[in-house]
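The structure appears right after this line, and notes come after that.
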Amino acid sequence: MPSNTLSPPGPAAVLCGLAGWVPPRVVTNDELAARLDTDDTWIRTRTGIRSRHVAEPGQATSDLAVEAGRLALRSAGGAPADAVIVTTTTPDRPCPATAPVVATRLGLAGAAAFDVGAVCTGFVYGLATAAGLIAAGVARRVLLIGADTYSTIVDPLDRTNAIIFGDGAGAVVLRAGRPDEPGAVGHFDLGSDGTHEDLITVAAGGSRQRSTGGEPTHAERHFAMRGKEVYRHAVTRMAASARATLEQAGWKTDDVDHFVPHQANLRILHSVADDLGLPRERCVANVDAVGNTGAASIPLALADAAAGRRIRPGDRLLLTAFGGGLTWGSCLMTWPELPPHPHP
Ligand code: COA
């Protein structure tokens with residue numbers, strides 16, 4: 001009897017390179033308080049953020065992505081990737097995608113290159129996409145970059161959002177390997193709920209606004225968020241997604257050495273950890289120093305924790321994200337041996 005299986009299960013995606021890059025300019029809470037009606041204590045107690053990095057005028061998302069991508073490729077030993085995925089909410093332009101120019105600037109012209117958009121969940125969606133490309137045999141080595149320059153879409157005079165977001169990029173290289181190897185990513189849980197699309201928006205610049213013909217207002221051109229509702233959804237959706245992933249893998253909460261959530265704000269991260277019954281010390285957080293960097297936040301947190309030797313080979317990680325859309329997602333991995341953190 002011929003087998004009904006058309007092809008054997010494909011290889012797993014195994015993390016083999018990692019790097020983060022943030023623009024050098026640091027903006028402290030005090031600097032924001034000098035131009036906005038806010039103060040350091042309010043920002044720290046509501047969000048856990050002390051400072052964030054901000055791109056220079058003229059610096060676009062691809063510029064940050066190239067820096068992180070170059071370091072990640074170097075960290076993976078320098079071999080070229082045959083696919084490049086950029087996940088971002090702040091592409092250089094509405095058209096074309098940002099990934100092709102990033103690939104070319106990294107010396108990877110000819111590689112498959114495309115963007116993934118899932119707002120702050122982009123990195124976990126990007127990991128699943130990379131894993132799919134590798135499992136399908138479409139790519140053997142994928143460079144996945146999460147990069148965002150929220151400073152280009154947040155109104156600098158909007159005190160609610162200007163305090164939360166920062167600019168940055170984080171990148172990983174994934175190679176084809178075995179599912180039981182350290183570094184293999186798996187047990188994905190991805191989800192969305194478009195009935196809440198209006199909780200996190202940039203109203204203008206897309207076909208919805210352009211189809212009406214009129215010039216967008218100042219507010220429509222900028223990022224808007226219904227903070228309180230987002231907060232509630234973020235906690236419940238992240239906790240549910242994390243649970244679904246753990247269940248899928250047969251892991252107990254106690255099996256998780258490090259919970260690496262999207263760095264939305266510290267109160268959200270701690271609430272999710274509490275909800276899961278995870279000690280807060282197991283929650284990896286660098287939001288105090290970089291703010292919410294959107295699609296870059298998980299790889300930046302991983303890069304910081306790995307560089308500080310907080311995450312060590314063999315540790316078990318739960319990655320969970322939440323973002324506009326609404327979107328959410330989680331996955332699991334065991335930390336691999338990686339070369340020392342590359343410096344620019
Ligand atoms: N400084 C001082 N006061 C501020 C302020 C700031 N930067 N921003 C808002 N306020 C004021 C509000 O105007 C309001 O004043 P009022 O009571 O006189 O109307 C008061 O503080 C409370 O505002 P509120 O929006 O209810 O605060 P909050 O406790 O919900 O905190 C957020 C606001 C945005 C920090 C919080 O809702 C949040 O963290 N949401 C989730 C955001 C997030 O992580 N998004 C990313 C998801 S991917």
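Here the Cβ of each residue, glycine as well, is placed from N, Cα and C on the backbone.
Bear in mind that TrEMBL entries carry predicted annotations, made automatically and left uncurated.
Of all ranges given (78-82, 263-267, 333-337), TrEMBL attaches the label region 'ACP-binding' to 263-267.
Mapped onto three states, the DSSP output places H262 (active site) in coil. Rounded to a whole number, the distance between the Cα atoms of H262 (active site) and N292 (active site) is 8 Å. The active-site residues under consideration are C120, H262, N292. Their Cβ neighbour counts within 10 Å are lowest for N292.
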